[in-house]
Amino acid sequence: MGEMEQLKQEAEQLKKQIADARKACADITLAELVSGLEVVGRVQMRTRRTLRGHLAKIYAMHWATDSKLLVSASQDGKLIVWDTYTTNKVHAIPLRSSWVMTCAYAPSGNFVACGGLDNMCSIYSLKSREGNVKVSRELSAHTGYLSCCRFLDDNNIVTSSGDTTCALWDIETGQQKTVFVGHTGDCMSLAVSPDYKLFISGACDASAKLWDVREGTCRQTFTGHESDINAICFFPNGEAICTGSDDASCRLFDLRADQELTAYSHESIICGITSVAFSLSGRLLFAGYDDFNCNVWDSLKCERVGVLSGHDNRVSCLGVTADGMAVATGSWDSFLKIWN
């Protein structure tokens, strides 16, 4: 038996010991805990607005903290900031590269960012003195595509990349402050904790990792998926995370219990998940799928309680407003829909 084989066996034994130790700490399952709860009634949501203006597939969207404006990025090479109350376009920003994969709205509302196959994160100032929108920074150091970006504040942004790393940037200097190394596959998505001190990443190595922004270290790793993790989000209280994967399941992991609590899947669902988001209370989980639908799950009872159908192509992105009053879905059919 080669040295490599021996080490592999040792690693597997250690993994098993860790799994057993976690199980020993689990005093109750989620199913047992919520056995007395009724399933949420049928969730029926209507399309309240359809945002028309993109001319090609929409790849990403992100709500502003005011729950009114949102930014979307499309293969047509445009970044559009929408007023969702009126469906008007507040800004239509032409991009230098049309191969965009992600976009983000700064918490302050002063900036938006985007990036993709150009390996860069471009920051746009919405509040320039001249009134026009212009590139204020181009952050380039990643050696792979930019899959996701999220602002911490007006001067700090976190990015995830196909080069397997995540990075924290100082926007003012354009430099990487910290590089987060640990994934062994393309990093596909990230989400920032409600207190902005931690972030989570999901990758093609089928694992999710929790990172400490200030320390630059990986605090926890969550495994269980059988394929790429495409989407990830925090539970509203910041104490659990949800992942969506190409294995057709979403999974809920508890940070304090350090393990998976449950999975959301159904034998009739055989396609991958592109996006995930919780309702404000956390009771509902919205998940966008390759089959053109967005399924609504009761996060505690793990049952499907609704479906948002109306798109004519893959639902590529979705998001719930900060005030919890609406959910937006974006699709390869070039439209965004606002539901409640």
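From the backbone N, Cα and C atoms, a Cβ is placed for every residue, glycine too.
Annotation comment: Swiss-Prot describes 53-83 as repeat 'WD 1'. Secondary structure counts, DSSP: the repeat 'WD 1' (53-83) has 0 helix, 18 strand, 13 coil.
Using a Cβ-Cβ cut-off under 8 Å and counting only residues 6 or more beyond its ends in the same chain, the repeat 'WD 2' (95-125) has close neighbours at 59-66, 69-79, 81, 133-140, 142-151, 153-154, 157, 159, 161, 169, 171. The repeat 'WD 2' annotation in Swiss-Prot covers 95-125.
Non-local neighbours of the repeat 'WD 3' (141-170) in the same chain are 101-108, 110-111, 113-121, 123, 176-181, 183-192, 196, 199, 201, 203, 211, 213, 216; each lies 6+ residues outside the stretch with a CB under 8 Å from one of its CB atoms. The feature repeat 'WD 3' is assigned by Swiss-Prot to 141-170.
Under 8 Å from some Cβ of the repeat 'WD 4' (182-212) lie the Cβ atoms of residues 144-145, 147-150, 152-153, 158-166, 218-234, 236-238, 241, 243, 245, 247, 253, 255, all in the same chain and six or more residues away from its ends. If you look up Swiss-Prot, you'll see 182-212 marked as repeat 'WD 4'.
For the repeat 'WD 5' (224-254), the list of distant contacts is 30, 185-186, 188-195, 198, 200-204, 206-208, 210, 260-265, 269-278, 280-282, 285, 287-288, 297, 299: same-chain residues at least six beyond its ends, Cβ to Cβ under 8 Å. What Swiss-Prot lists as repeat 'WD 5' is 224-254.
Taken as a whole, the repeat 'WD 6' (268-298) shows an average pLDDT of 97 in this prediction. Residues or ranges marked as repeat 'WD 6' in Swiss-Prot: 268-298.
Swiss-Prot lists 310-340 with the feature repeat 'WD 7'.
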DSSP-derived helix, strand and coil totals, residue by residue, for the repeat 'WD 2' (95-125):
0 helix, 18 strand, 13 coil
